Every structure is written in structure tokens, then in C-alpha cells.
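Undergrad: Handing you a structure now.
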Number of protein chains: 2
Amino acid sequence: MATDLEIARRAKLLPIAEIASRAGIPEAALEPYGRYKAKVALDFALGRSEAKQGALVLVTGINPTAAGEGKTTTTIGLGDALNALGTRTMICLREPSLGPCFGVKGGATGGGRAQVAPMEDINLHFTGDFHAITSANNLLAAMVDNHLYWGNGHELDARRVSWRRAIDMNDRALRSTVASLGGVANGFPREDGFDITVASEVMAVFCLARDLADLQARLGRMIVGNRRDGTPVTAHDLKADGAMAALLRDALAPNLVQTLEGSPALVHGGPFANIAHGCNSLIATRLGLSLADVVVTEAGFGADLGAEKFCDIKARIGGLAPAVSVVVATVRALKLHGGVAKAALGTEDVAAVERGVVNLARHVENMRKFGLPVVVALNRFTSDTDAEIAAVRAAMRVLGAEAVLCTHWGDGAAGALDLARAVRAEIERGAARFQPLYPDAMPLAGKIGTVAREIYHAADVAIPPPVLQKLAKFEAQGFGRVPVCIAKTQYSFSSDPTLLGAPSGHTLSVRDVRLSAGAGFVVAICGDIMTMPGLPRHPAAETIGLDAEGRIEGLF
Amino acid sequence: MATDLEIARRAKLLPIAEIASRAGIPEAALEPYGRYKAKVALDFALGRSEAKQGALVLVTGINPTAAGEGKTTTTIGLGDALNALGTRTMICLREPSLGPCFGVKGGATGGGRAQVAPMEDINLHFTGDFHAITSANNLLAAMVDNHLYWGNGHELDARRVSWRRAIDMNDRALRSTVASLGGVANGFPREDGFDITVASEVMAVFCLARDLADLQARLGRMIVGNRRDGTPVTAHDLKADGAMAALLRDALAPNLVQTLEGSPALVHGGPFANIAHGCNSLIATRLGLSLADVVVTEAGFGADLGAEKFCDIKARIGGLAPAVSVVVATVRALKLHGGVAKAALGTEDVAAVERGVVNLARHVENMRKFGLPVVVALNRFTSDTDAEIAAVRAAMRVLGAEAVLCTHWGDGAAGALDLARAVRAEIERGAARFQPLYPDAMPLAGKIGTVAREIYHAADVAIPPPVLQKLAKFEAQGFGRVPVCIAKTQYSFSSDPTLLGAPSGHTLSVRDVRLSAGAGFVVAICGDIMTMPGLPRHPAAETIGLDAEGRIEGLF
């Protein structure tokens, strides 16, 4: 069987200017990066009229399992199929991080015949956006320590510096470090550490900014640490916001690429979906909506984390209103939710599907709480049996939802035509009455509780008194109206990653809260959240290389 | 007076395809990065016939002073003037680092009317080459610690890990750190630190590689540390070389830009000129030589460091033979070498010029030891008096060298026509008999001694016994035939930065030696060499920002 890389290489790509032209982007608004990638000029992207707005389709999924669900391939396949049906469609995706690419995960450009291309470029440096974000993050870090070094005029408490350095790499050795060692000339030693770039607040700010001025204002509001009296010191206080915005200026223009079937795709930004909101840049999504009749976009992880954040954070801040939600599942993943071991996935087990489908059912019901019609996309594997598929369809029918079989991985657009028709029918029906889950005015603890009860089906929320005090402090500082961003495991509705299916009655324990003042949300940390992954025993990097023609091999 | 940025913005740039076409690069070989930058496809660059070779002009300078000499502007101005005279000329320069850009130094794209453009792009992320080099460096670092973490099959001694992390930022807090803190899951704590990217061996390898295969082979030979028995562990042992080469593949294609007067310029790579060899990539220089009648290129720092390394390292490894050397000086800088205080530079002081010109004279004599004819470029400042200039000319006349006045900073090509004519005359005369200073076969200590005596005019070289033992070990390991790369202060011929003019009779003390097995040289460390600069009290970053139109301001 051909690898994703081989399939991608066989595809005949069109010049990016032709893709742009079809999408309604004039060549003058294009900044080419090689022949098949381009940035769409920010002036053009921001100058589009808001009069015409396409319909926004939000692709999300069940709680992820080791079986893989294919959310990105579904986003791409659906976009290709809508275009094949004559509906002018733009796909909006996140940019991949280098870290997982060299670790275990491989690339993040879809798979099979549902890919964006050129996959080597997109998976490696692409147009340099993540490097720009890393640089901006680390310029601020250098300016923090430089401020301490040169007399600390803002009286920042070195023990209370919260700004961490960033690197776009899986490197566990950098999780916890001591910096500024080596004597007087090197500064004041203090505990420090690195997060992977996608976990940086700069990434979240980048993805939520409306324009350059908003970007700089948000960067300036970012808090780098506190004084002894608890008052915050910001990036603006350190005069870092202007240079950071300069570093990010070119990156803020959305990146245009194409799918293997020639659909236009904006691939731009990529924040984590736990400590940040987990979807591509607002500027890219808005550009897509101004150009196309339909924009298909993806939220990170399962719907409890990714889609909730899309709706409560990105849509709220950006004034977006999705028209349909697509929830992606596979029979295999539902069997894992039903308690089957991974090794036994090849054996038919209808009972396990029936047990596991409760996970899917709850996500469907949850998405309706945002006022969204739901279509279920069931990515078909060859091992799925008719009886297993029927069990999923029956469970969905009970909810009044349609489960549509998809084979875009193997068949491209042709494998997602039914899904596209179902989605288009929902758009035409116009039943969406989108609203975020809670109003801006609700107190922060109430917002956490609302998500916990409505989305996670927790019976209770435990917020220890010191954490409540921090929330009260954020409210007193004027940040009471921001949404909350709950960081918990992606594997379960609960904060216990082993509780699969649809657990209820659990308690959500909030260990800590952090204010992302620039991004504009409060992060509630529930459980251990990894902001710097490590490499496995045999990292993918060991087998990535160049062939005799200088082509990259080993990316998958 | 207009700033460099204002002058650069006023210039009407040509589409990069037109610059390429004039330079003999077909559009099919161009990978555009926006409208005014492009990479020249590696296939094209490497596939050029070696039959036709232009003449190579090496621009170098006196020992740098606080007054500034204008080596980069002279390289650009000379290239513009040669083109104005009808000589097909390519300019080859290093890429600037982000670190100094946000520190004190400002950009590194020339100045006045002698600039390469677009200056904001080149000074910031440009085409992402440095980010690719940083990523490759740090992937290897992550794989080193990951190897220790997962059982250390190569029995690397954690105390003897020599591979440091890299960041393209001035950040003194990262000079000396402890990494892998925080318990079992984060690895084995060890001393660590970051160098600025231009000081990474990956940068040196990148700039000396002949092609992709040579790049990967050199990356693989890089030593990350030693076992307890002193045997080295390499990047190839850790299977990191393939993925590093994949990260660097696109970056290895040279970058084409233009000067404000429309000359083509290849701006590619940028290693330090102390612990590395300090000039742009070999691939760019060779591409230039295959296309143009003359290539004007620049070596880092003064001729004692930069030009010596160009000749003994880059030219030796790359099979280059310069035709002429241009040594840049200013009256002001020579007055500083003559003992005048910076505040008094505005006052005429012919005696100080006569005292300081010995620095220039020695560099001229030194360059002749490589078999190179020398032209002196005297960058004129308005404060220079006729008598001061006459003093320089007289001193040069004694040596049989011509000192040509230049005003390209203010006048562009027109200000360097005399210099261009003098350089062209030397090329036509064909008097160059280029040879490196020492043969490959000379023992390493002998090579250090030869540079010290011939170039630095040291009376003696002090190499402590443990350092001699390391040299013997490198020779036993098969690295005896590589050139040496002496890391010492750039401000003096000696290793004492305050000894200006032309000191003699000093002792060069070699504190340590390091094998750069991938780059292919042995670094001899003489004095304190800073591989991670810090930011000043008021970094340039504080005043860099965006104006109301989103244009970058504060870069200089």
C-alpha cells in the first residue's frame, strides 16, 4: 500500500496562483513561497467586505483513541466533496508542529487521498509561522531576564516569573531547567523551562487576533510575571510588544495551499487544544468565509475539548456562528470506548460498538447545546462489519442524527459525497441557532462549572480556596468577562483518561487557574497537562532522511 | 538625514525574476519567497558547469573599532559600481542574525545607498534559513538527551556531552543552564547551555557543504560528546543526520535578493568569524562564480580573523582562489588605532592617522602572504581632512598599494567607481597566485603557530600540555589534515582587545581546542569567546515596532 508521502508525491499540483484565482484571490494579493504555497496579503484578507459570509462547518470528533478517528482527513475529504458537488468551499486547518513530526505522530496534513500538499513543506518549516511565533516568545523571555539583569525597574519578583521559553520540538530535557547560571555576567539564576511552541500564549494570541493592531495590543497585555505585591508585569511594560508584532507581521498573513484534489485550503496557526483553544487562526477563517460559500474547519481533540473551545472562545471572540457540526467517529474507536482491547479490534463485536457508541451520542447531544445541527461522519475501515455499522446508525437514529459512511481516505472526494450532501442539506435547512454555552457576564467559576456539567457531565466541580482566590483576583483585575479554557485530558469526558465511553457523576478537580490576558481567556488546569512532549525510544526522526534525489523520505 | 530604512523604502525594487534573469538564472530555477526574495533551486545551483569561473574579490578590513569601517557597504557599493561599469557582478553576503538586530548592532544589510533589500525581511526571518539551522541543532540536542533517557545504548558520558542547544537570540540567561530537572520523567539532570545560532557547528557545516550528500555526511560526523573512554559519539551514531538534513534541505538553496541599485546578491548562511569561518555559504559563492564575471564577497571581522579563515578554511575546503583582496579602512578608525579617543574623532589629527595606519599596513602585507593583490578602500566621512587622507595614501604608497576613496554610502555606485576600476585593473593584471598559508599536512600545533606568527605577528604560542594532548588525539582520530580556526578577539592582532595598531612580540595563549569534525576544522580558543551575546540595558527591540500602516519601524 502506498504511503501518504507516496500518494502526495504522485499528485499533480496546480500552481498556487491558479488555486488562488479559483478561490477568488487575485494574484496581486498573493505572496508566493515557492510554487505551491503562498501567503494571502494581510491587506487583502482584512479588507474583505463582511457583507457576504459563507456557511461555517465545524468538524469535531469523539474522544480520541489509539485507533485514530480521521478528523483531519474528514475535514479535507468533506471540502473536496463539497467542491466536487459545485459548492465553492474553503478548507481551514491548523499548521502542524515540528515536535510530533519527529516524535511518534508523524505529519498532520491528512492522509491517503485526503491530504493537503505539499506535505513535506507543510509538515516541516512551511512558511515559517511557527518559527516567527517561537522567536517572538523567546524575545520576550530574553527581555524579561534582561530586565532583571539591568536593575529590574519594574520590580518583577524573579520567583514569580511565569513567562516560559518556547521551542518547536519535543524535548523533555527542557521542561524544567535552571537558567542564568555561571556568575554575575549571566544574570540571576532562577527556575525556568520551555513549552512546545503550540502551547505558547503567543500562539493563542496569533490565532485570535483580528488584525495587526489587535495582535500588538494582545501581545502587550500578556503577563510575564508578578511583583511581590501580586500586581502583574506585562510585555507592554517591558516594551516588547512592538518588536514581537514586527516579528509576527508577515506570519499573520494566512497560508494558502491545495488538497490533492485541488481544493483551496488555508493552513494557519495551531494552538494546543487543552491550555489553548485548538483551532486555526481567526484571520484565516474570516478570510475563508468572505471568499467561499462554505468553510470547513476543524477543532482539536474531541468535541468536549476542541469544539467547546471553538464555540466558547474562538467563535465568541471572533463573532463566528457555525452552521453545522460534523462529529467524526470510527467503528474501531467506538469499540475501544466499549472496552475492547486494541489487539482485538479486527474481530466483529457489535455489543462493544453498542457500549462504546454512548461516547459519540453524548458529543452529538453536546453540540446541539450550542444550537448546532449535527451530522455524524463514520470513517469506514475495511475491518468494519455491516452489523457494527448498523449498530452505530441505529444509535444515531434514536437521536435523530444521520451517520454517514465515508471512504475519502481511499477514494478522495468520491468517498465523502454523501457526507457533503448531508452537510449541504443541513446548511440549506438553516436550523442552526448558534450560541456559546454561557454568557460573558457569568462569573469565572460559574463558567467552569457550566462546561463541567453541560459538556463533561460532571456532578461536581472542586475548586480549592486558593484557586477560587485567584479567580476572584482575575475578576478584580477586569478579566471576569473572558471565557474559560479548560485543560484536561482529551481521552475522556472526565479528567481520568481511562474512563472511556460516557462517564457521569464524576467531579472535575481544578488544580490551578492561569490568566492568559493577551489571548483573552482563563485556563483552568484539571489534571496533569503536558506542555512539552518527549520523544519516544525510537523517534520518527531516526528514519526521516533524504533519498538519492534529495527528496525527503520517512515522513508519514 | 534619512535612515537606512527610509532610504531602502524609497527604492523601487525590481521583481526578483527580473534580477534573476539578468544574472543568468532562469525563472524555472527560482523559488520565489514573496516578490523580492527567491531561493535559487539547488539542482540549478549544483548543476552549473565549472568550466566558466568568474573572478573572486574578497572584501576584508582592518581590526574593527567603535567607529565602524563599512565592510558590508563597500562589498555592496563595489558590486554596484562594477555592474555600473558593465562588469557582470554578483555580490555574496552573509545572512544577518536576529540576535544583534534586537540588541545594539541593528541590521546587517549595508547602509545608506549601499544596501541589499528588502532590508526588513533580510534582517528578520528572511527565507527561514537560520530557523532551519536552529531546528536542526536542537533536534540533535533533543535526540542526545532522549538517548540518555532511554538507556544510553552508546554509553555517552552525560558529563562529556559537548553538544549545546541553539537559539537565534541574544539571551545571556541561556549561556549556562541545568536541564532535565524535575524528576524521573524529565531525564538525567546535567549542565547545559545555548549558543546563538550563528555559533552552532550546524551553521559552519551548512556553509561549507558542497551539496546535500556532503551536508548529511558532515552533519553525521559532528561529535555530540564522548564516552568515559574518550571515544566520540556522533550525530550519525544517534541516527540524527538524516532528519537534520531533511530540515536543512530547502534552506541549502541560496537566496537571491537585489541591491538598491539593482545588482543581484546571494545572501546565504552566516557563521561567526571566531569559532567558525565567518563567511557566506560555499554553495552561494560557487553559484555566483558560475554565473558572473566577478563575485564580490565579504569575510567577517578584520582580515586577521575573517580573511585568514576565508583563505585557509573556506577556499581550501571549497577549492576557491580569490583574485583580489580589498581591505577596507576609514580615517576615523585608523585614528582610534592611533590612540585617539572616540570623542575626539572630529578633530584633525594627522599624527594619529600616521600612528594608526600601521594596522592597515599590516593587513595589506598579510593578505599578500596568501598571494593576493590588495586594493585599499578608504570609506570617506565628511569629517576626514585632506591631510589625513593623504597620510593614509602615503603609507599605502610605501607598500605599493593603492588607497581608493569611496563614497558609496552617500552616492551609491557612483561613489565606488574608482574602487571598481582599481579592482578590475587588478583582476585584468592577473597577478594573484593564491595559496593558503599552510599545507594540509602540517601538524595542528604547527598550523596554529603559523597563523600566530605570520598573521598575528606573535613571538610565541603557548599551548598547555593538556591542550597539546587533545591536538594529538584529534590527529590520532584522523583529523590532523584539517585547517585550524582560531577564536580570538577581533579588536587586535593579539589576544588582548586593547592592543590596537600593529602589536608584535606578544604570546598567543591557546586556552583550549575543540574538534568541529563535521565542519572540518579544529577551533583553537584564545581568550574569552562569547558564543551567546546579551542584550544591552536598552535593547533595540524596545523601539522596533509597526507603524499605522503595519510597516516595520525602528530597524536600522
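Positions of Cβ are set from backbone N, Cα and C atoms, glycine also.
Relevant sequence annotations retrieved from TrEMBL are reproduced here:
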type	residues	note
BINDING	A:Thr65, A:Ala66, A:Ala67, A:Gly68, A:Glu69, A:Gly70, A:Lys71, A:Thr72	ATP binding site
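Tell me about the setting of these features in this model.
TA: DSSP gives A:Lys71 (ATP binding site) a helix state. The Cβ of A:Lys71 (ATP binding site) has 27 other Cβ atoms within 10 Å, all protein chains considered.
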Undergrad: When the number of other CB atoms within 10 A of each residue's CB is tallied over all shown chains, which of the binding-site residues A:Gly68, A:Gly70 has the maximum?
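TA: Top count of Cβ atoms within 10 Å goes to A:Gly70.
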Undergrad: Under a three-state reading of DSSP, tell me whether A:Thr65 (ATP binding site) is helix, strand or coil.
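TA: In three-state terms, A:Thr65 (ATP binding site) counts as coil.
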Undergrad: Pick from A:Ala66, A:Ala67: which of these binding-site residues has the biggest number of other Cβ atoms within 10 Å of its Cβ?
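TA: Answer by Cβ density within 10 Å: A:Ala67.
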